[in-house]
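Below is one structure, written out as structure tokens; comments come after it.
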Amino acid sequence: MKKNIAILGSTGSIGTQTLDIIHLNPDLFDVYLLTANNNVDLLIRQAREYRPEIVVIANDQKYHLIQEALADLPIKVWCGAEAIADAVTAPDIDMVVTAMVGYSGLLPTIKAIEARKMIALANKETLVVAGELIMRLAQDNQVPILPVDSEHSAIFQALLGERQRPEKILLTASGGPFLHLTAEELQHATREQALRHPNWNMGAKVTIDSASLMNKGFEMIEAKWLFEMQPDEIEILVHPQSIIHSMVQFRDGSVKAQLGIPDMRLPISYALGITHRIPNDYPRVDFTATPLTFERPDLERFPNLSYAFDAIRLGGNAPCALNAANEIAVTAFLRDEISFTDMSRLLYEVMEKHELFREVSLPTFIETDSNTRRVAESLLPKFRR
């Protein structure tokens, strides 16, 4: 029986690759809902090809453009962030792929869980901001959360069939495009250089986070919530080849790893198939092509990783604040307003001013996000070039 899929963020990197898989497997999937933030032209093309029941454009100023373009089709056209959260509750949706960027994915994910939709989670910030709340909601509503990030998909696969809790998670990181740059060189690293990831094809925001290792810090927090691990039980290993996507170590010293080419369509496909492996003709790993190497991350050159560990150890609303500050920092860097290393300096100053609340609730997270963004914006002028 075919599954009806909702894709939140269908015009982004994960969204377009999800549609690639659906296109090749029309006997398995139908597209029910597509959403985008601003990319009207691509959303229109996607809607005309996949004929969803509903499309939503978050930017309400572009509503009339898509409404006119799809007027000849029986597709409901909605607009606004609240409309995305409403659309995911449609009774006929089976699975929601949460591929929106950043904090914006939080409320739609909550609404989808409350509506008891299966979640294919590509929006790691949802668990960074509100991991305890999300996992409790998922448990209360008996909703499976299937990880789309390659690392968490690898851990999920390595844990299948295991009856005992793992001793440690070994979370691998490519190291990004700046792995071997000196501290001096990092100060002059450009946006264009940061966006040239050596292994992965990803969106701009996550690519910058990968370059700063903030992405790995957020993935550590995501792993903590998904797999019920403590931060000290998660080790980060730099693995430049991105062939081993992560590993799990058990109390007898055994280690299980999941390997594959660095292609996001693999973990997306695994999540869509709900652990059923969908055949494909993608390239296979050539184990003779290159050695597999590992090294420890340099926390002096890449302090964002330390900030993530600090935030999750503090708990409460600290990870939410870190995420908000990081979104402001990355946006400023992408606009060439601050330097690469100033992103970390901005995060440090924001977190020094952060007011910690232990309460875990949606109103707390909403207030923390808003307040932290305001603080980060107020500090930006001292870093602007």
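Each Cβ is built from the backbone N, Cα and C atoms, and glycine gets one as well.
In the three-state DSSP assignment, the secondary structure recorded for S13 (NADPH binding site) is helix. Per Swiss-Prot, the feature NADPH binding site maps to T11, G12, S13, I14, N39, N123, E125, G203; the stated evidence is sequence analysis.
Taken residue by residue with DSSP, K124 (1-deoxy-D-xylulose 5-phosphate binding site) is part of neither helix nor strand, so it is coil. The Cβ of K124 (1-deoxy-D-xylulose 5-phosphate binding site) lies under 8 Å from the Cβ of D149, N215, F218, E219, I221, E222, each of which sits 6+ residues away along the same chain. Positions annotated as 1-deoxy-D-xylulose 5-phosphate binding site by Swiss-Prot: K124, S150, E151, S174, H197, S210, N215, K216, E219.
The Mn(2+) binding site annotation in Swiss-Prot covers D149, E151, E219.
Counting in whole angstrom, T11 (NADPH binding site) lies 23 from E151 (1-deoxy-D-xylulose 5-phosphate binding site) by their C-alpha atoms. Around the Cβ of D149 (Mn(2+) binding site), 26 further Cβ atoms fall within 10 Å across all displayed protein chains. Taking only the Cα positions, the spacing between N39 (NADPH binding site) and H197 (1-deoxy-D-xylulose 5-phosphate binding site) is 23 angstrom. Across the fold, the C-alpha of S13 (NADPH binding site) and the C-alpha of H197 (1-deoxy-D-xylulose 5-phosphate binding site) stand 14 Å from each other. Around I14 (NADPH binding site), taking its Cβ as the centre, 28 other Cβ atoms fall within 10 Å, counting all chains. Distance between Cα atoms for E151 (1-deoxy-D-xylulose 5-phosphate binding site) and G12 (NADPH binding site): 19 Å, as a whole number. N123 (NADPH binding site) sits 19 Å from H197 (1-deoxy-D-xylulose 5-phosphate binding site), taking the Cα positions as reference.
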